[in-house]
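Feature list (source: Swiss-Prot):
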DOMAIN    138-194  domain 'CBS 1'
DOMAIN    201-258  domain 'CBS 2'
BINDING   295, 347, 348, 349  NAD(+) binding site
BINDING   349, 351, 354, 524, 525, 526  K(+) binding site
BINDING   352, 387, 388, 389, 410, 411, 434, 435, 436, 437, 438, 470  IMP binding site
ACT_SITE  354  active site, thioimidate intermediate
ACT_SITE  455  active site, proton acceptor
């Protein structure tokens, strides 16, 4: 009798092993997150529970048959309905990540920067202007200087816009000369306050071109006369434009740069939806911004959706694309689309400096959030931007396979030279300050106003000690110039496209298949059983601490 009982127990145990093995095998063969969710070993949950939420670290991509060469893949993608980028990356609208220097570097490397809004309207509009003037096929409204201006004032103007010289015009906008750093090279700085532009400018034998000059003819004139700036004038001598030799050099140096129809670098900027948000949006539009990002912690807020709709229905903003965010669900993305958004930004709390999921208990693990939102976006032909949670280049690939068109990077870029965060030395290593826009520091007043509190719906909180933060402040390792960081991040994406057999971004959701992994699988994926002596440029254990 005892033997028969043992036999039955043994048979039941074997059956359980077979059942678990079959389940494990089916998970390995899953093609998308819906299938992964359906394979849960748990009993069905009541309706109040959503499906299983997965983060990037919960999955890997399965290798696939491939004829792809990593160096030949096409990483171009739609940022919005109308704007295409060569690299599927944006820098985050954070005050320790993106100001004009980062935005310029991002656009030159094929992505785009989103200027943060934690500053005055005039200052943010000036940042847009700096980016748009940084290079151009032809500057149609060049900065100019009056002959009566002192060299001291001229020097300040050139320093502000990082330029080496300016056309000199009279009150009727007629060209009367040009002044460059060559004209000022041998003038003592103590004379800058007394000498005027007219005293040192070049006014004889000016090399100019007609308003309708071709690019090739302009290049020929610059080379023939060995000058760096070519003012363009009409028949009456009025200044109509300016072409510089540096723009030809930069076009060759940065062939994948994200540019507008006039050859200027593209730039995006964040706006809110309360208070002076409309005045901010209007000022940014007048400064030449290409994309406005209606930037809030919960994109499903009625006021945020109304702001998107208002911008899309105002003809003054016809030349500006509108991105809405952030959302974490399919229904949230659908609401953005119905409001008229040209792209939807996805991410509720995945960032390394965000505490929303802990403080508010709200959020969606990022891989699931991207996958769900992408279902609505794909059906409507609207690009989806995965914002946050990217630690390594492999995470970019996972986001794109899940349906994102591009990714937004914050902490990954905060350590770059171009990021505005302060550089500090800690234990003999260099770091840069990085903070969430929901941190106490970011929401603190700047002068008489706080520009970040309304992102977290706390604009009505007048006392700093009453603010409920949804972010933290810290430091990230200094990583050097942006182009080196992006080279490694995009290089990893190229390798991923090779492994899954995708020639371009559009093929990634079709070719990519996820396998869900355990904690042991994640540990096995990272370097293990070794003491690292030299860090690779694309891998650091920093995120695992």
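The backbone N, Cα and C atoms fix where each Cβ goes, and this holds for glycine too.
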Proximal residue to residue 295 (NAD(+) binding site) among recorded positions 354, 388, 455, 524 (C-alpha distance): 455
C-alpha of residue 434 (IMP binding site) to C-alpha of residue 354 (K(+) binding site): distance in Å? 11
Reduce the DSSP letter at residue 295 (NAD(+) binding site) to three states and note it down. strand
Whole-number Å value for how far residue 438 (IMP binding site) lies from residue 526 (K(+) binding site) (Cα to Cα): 31
Quick one: which residues besides 295, 347, 348, 349 have a Cβ within 8 Å of the NAD(+) site's Cβ centroid, in sequence order? 297, 325, 326, 327, 328, 345, 346, 350, 351, 354, 356, 363, 387, 388
Where's the emptiest Cβ shell within 10 Å among the binding-site residues 295, 524? 524
Show which residues of the chain containing residue 349 (NAD(+) binding site), separated from it by at least 6 in sequence, have their CB under 8 Å from its CB. 355, 356, 357, 362, 363, 388
Cα within 10 Å of residue 348 (NAD(+) binding site): which of the binding-site residues 354, 524, 525 qualify? 354
Closest of the recorded positions to residue 410 (IMP binding site), Cα to Cα, picking from 347, 351, 354, 455, 524? 351
I need the CA-to-CA distance for residue 455 (active site, proton acceptor) versus residue 438 (IMP binding site), whole Å please. 8
So residue 526 (K(+) binding site), by the Cβ count within 10 Å over all chains shown, scores 12
Counting other CB atoms within 10 Å of each candidate's CB, the least crowded of the binding-site residues 347, 388, 410, 436 is 388
Round to a whole number and give the Cα-to-Cα distance in Å for the pair residue 352 (IMP binding site) and residue 524 (K(+) binding site). 23
Rounded Cα separation (Å) that holds between residue 351 (K(+) binding site) and residue 438 (IMP binding site): 11
State the count of C-beta atoms found within 10 angstroms of the C-beta of residue 434 (IMP binding site), not counting that atom itself. 25
